[in-house]
Amino acid sequence: MNITTLTNSISTSSFSPNNTNGSSTETVNSDIKTTTSSHPVSSLTMLNDTLHNIRTTNQALKKELSQKTLTKTSLEEIALHSSQISMDVNKSAQLLDILSRNEYPINKDARELLHSAPKEAELDGDQMISHRELWAKIANSINDINEQYLKVYEHAVSSYTQMYQDFSAVLSSLAGWISPGGNDGNSVKLQVNSLKKALEELKEKYKDKPLYPANNTVSQEQANKWLTELGGTIGKVSQKNGGYVVSINMTPIDNMLKSLDNLGGNGEVVLDNAKYQAWNAGFSAEDETMKNNLQTLVQKYSNANSIFDNLVKVLSSTISSCTDTDKLFLHF
């Protein structure tokens, strides 16, 4: 089954990548405090393990997002792995913060030498920073790309998936609103009122649903930037509470409603086969637009995870290099 048959497989699924369990975070905080307070050097080991976990989970998430088959199970796995990454990112940031504030236990003579050195040095006019300052910057980088980039896509995919799930329910009901129009088999009877009501309810529910940001509002410039990033046909920039948001573009639903109005009548409408096929082709084209939008978002989310994975790889390498340098420096 590919993305075009998503309607039957995700109608009851719940994609909530930001639904991280609060008690899990508290447990992580407790574990970090207990371990680092009793043995500060272990925070480096914990950080290395956590970054490794992020990469492993992210690789699994990228594999799921690259699949052409999206099922209820795969969507649940995507949500689970997204939440796990968010929790591990939070843990990494805390560990990096601890490393930036606490002294790394080193050789006594080396510590005295370091304390006697200038706090800052100049090399070719560029300011040098300590490893603890570097780790603090790394912590900020991890948080920034997670909060301001990865989670934006998580929320956008979640919101659009929920909308399409509800549209899938309308499609499932459509079969019951179509019946033969006569005994000759040359006409079709369509319950226009029932279909129109379902589409209007869907539009009312999601017309103000934000793809970005998840909460509050942003500037018009920022909203336009993310509309372009997410895909111009997926959303639209609209005003809200004095600011701007990127809302779900409901144009496909609007076009479906217009096509029903063009059939004439608001109750049962009898269409000859040619007219029904023409209407159904237009209706299906709008459905295809929404499917393509969802597929585009999923692909962009996969690309965002690739960028995040590369960042974690670079940060892991940076931390390892710092640690190796410290070991060489203290080996005397």
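Residue 1 is the first one shown; counting continues down the chain.
Including glycine, each Cβ sits where the backbone N, Cα and C put it.
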Stretch carrying coiled coil according to Swiss-Prot (options 44-77, 214-247): 44-77
Overall pLDDT of the region 'IpaB binding' (192-267), taken as the mean: 92
